[in-house]
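What TrEMBL records for B:12-32, B:63-84, B:96-117, B:137-157, B:185-204, B:224-247, B:254-275 is transmembrane segment.
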Amino acid sequence: MNRRDLLLGTAGASLAAALPRTGQAAGPPIKIGLLEDISGDLASIGLPKLHGTQMAVDEVNATGGILGRKLELIHLDPQGDNARYQEFTRRLLQRDKVDVLIGGITSASREAVRPIVGRQNAFYIYTNQYEGGVCDANMLSVGAVPEQQLSTLLPWMVERFGKRVYTVAADYNFGHLSSAWGKSIMKPLGVEFVGEEFIPLGVSQFAQTIQNIQRAKPDWLYMLDVGAAQSSFYEQKNAAGVRLPMASPVKIMLGFEHKRFPAGVMKDMYAAANWFEELDTPEAKAFVARWRAKYPDEVYINDMGYNAWVAIMLYKQLAEKAKSTKLADLRGAMADGTLGVDAPEGRIVIDPKSQHCSHRMRLISVDGENKIKIEKDFGDIQPFWLGQVGCNLLQSNPREQYTPDNLPRR
Amino acid sequence: MLGNLFAGFYQFADVFAFLVLSAAGLAIIFGMMGVINMAHGEFVMCGVYVTAASYHAGLPLPLAQACGTAVAFLIGMVLEAVVIRPLYTRPLDSLLVTWGLSLVVTQGTLVLVGSTFPGIGTPLGGFRVGDYTFSAYRMVLFAAAIGVLGFVWFLFLRTRFGIQARAVMQNPGMAQALGVRRNRVYALSFGVGAGLAGFCGALYAPTMSLIPTMGSSFIVESFVTVVVGGSSVLLGTAPAAVALAVIRTGLNAWYGQIIGQIGLLVAVILIIRVLPDGFTGWLTRRTA
């Protein structure tokens, strides 16, 4: 035995001694199927999601796994292609027989996956912030939804900057639905929508849009652009000398434009976030330190990556309370509405009626030096909208996505 | 009034510049040489990344842009000699090879450089005409597009290399029999095409977000312009860019970007139906 083996041996022994006695290998590993884009157009925001899941799996395994069973992560890269999302979903559920399916970036990919999950009656966790409204007992949503991101941010913007709003949105379900959300939240406040543009995905040239904005003279911009090509808008708008405040549910904490673009381009962008790397609570700093030790080259730990970590921790709580990985047992474990995790942002609790999560929301802004400032702390915000309009998964499972324009029939 | 007139011109100039700059390199490689270059977007991306990297290394922007263009030119020459040359008589295979190349380059960039790259920032600031402010750099892009057309005209119609190149494209065997070094002409032409693609990337580098797949945002416009234009750069690409820019600018202004993009593609279908050889065939017939 040489010195290195000896060291490793002692380290292993002390680690083993520190572990709770949950019994050795009480069963086969729990399989986690993960679908995240780490190539293709959305690779930059998908990679932190893979890292967040990997880190959580390693942390859970280091403390004995779940119910004494190790976690086994099976990651496939759908490259942003919805057909591949469907193919890989079938493969993970039918061939690999994973216990839980996690992932998907765009709302289009989520909607591609959901019907297959429903037919297999599997358990699926979606870890992004999104336009909200999915009432589906097979899905747990971990990210923030409009009542958390938009009902907080938009009224604040109206009060601070004014009532003339111009919307620039990506032309697919996320853009259209978030735009509809903006209207339903801001119309009662007397907001005048002086312009609204839907931009096809992949468009990178914005001279006409910039001119339309100048003609409409808005007080601020409601930005719902998606993808790297469309985010060229900010550089071009800035070069044309248009300086307006902006609000978005997908910039900064998600796309980390303030880490990628030169200083000044994202100046006066406002967003409501449950997580951003600059969050300066002790828990958040410890989380960032652990992440950066594991992935030193990470450009930015975005909210989706953080949510991916939270998803595994929630799953651990659910499975341990249920003493099972079956969907019905997991749903039973969340039914009393108290199950949650103490995450770096604060405590996150699952709402059993909608299977969405509460979040501690903070309003952040970017200054001319690409620095983040916390403008306001909204405290814990419940995902109340689905329950309000009549989604109650404890009673029925419609597997629908509701919107302000498409409410459930009472 | 003046503001609105200038705004109209500015919008046209912006779309025109994008079409000409993104299509010029492809017009030489695809239009003249007949190689369906699926890696065109990746030559553009190469220009973007080399420009950004040289800029971050401390070079002034124009010099960094020259580097981006030069690297794309050299890579084009090498690729022609190694991969493209054996496939001139097998156009479908060259399509497959260049497509494979584009996948390798995109993924390779993702693996080696990462999924994002820090941007540069647009130089020159803005200026005001009437009610609107505009980016001055966009006027530089328009001037560069005119400059590229002038360069292509000079290179292919006023130099010895140009005459040899056109001879080789028309009849390689006869040209070789007359003492033209065919392989060198092919390599140089391909290099010029790749270099122009790199130049396009170098010019747009300061105005866009940099990711490995960004070449694809140039692909549709460049192929559309070349197909509508036909085989000649001057009699094809230039008038095609004018026509498509007018259509797109008008539709963008009155109906928004979605209709602008749909309209562009519908116009392309109609033009190809009426003019199978593109503007080149039509203008050549009229002048012949």
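Every residue, even glycine, has its Cβ placed from backbone N, Cα and C.
TrEMBL does not curate its annotations; it predicts them automatically.
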Between the transmembrane segment (B:137-157) and the transmembrane segment (B:185-204), are there at least three Cβ pairs closer than 8 Å, leaving out pairs fewer than 6 positions apart?
yes
With the transmembrane segment (B:185-204) as the reference, which stretch in B:12-32, B:63-84, B:96-117, B:224-247, B:254-275 has the largest tally of C-beta pairs below 8 Å?
B:63-84
Among the recorded stretches B:12-32, B:63-84, B:96-117, B:254-275, which has the greatest number of Cβ pairs closer than 8 Å to the transmembrane segment (B:224-247)?
B:12-32
Are there residues at least 6 beyond the ends of the transmembrane segment (B:63-84) whose Cβ is under 8 Å from a Cβ of it, and what are they?
35, 43, 46-52, 54-55, 94, 97-98, 101, 183, 186-188, 190-195, 197-199, 201-203, 205
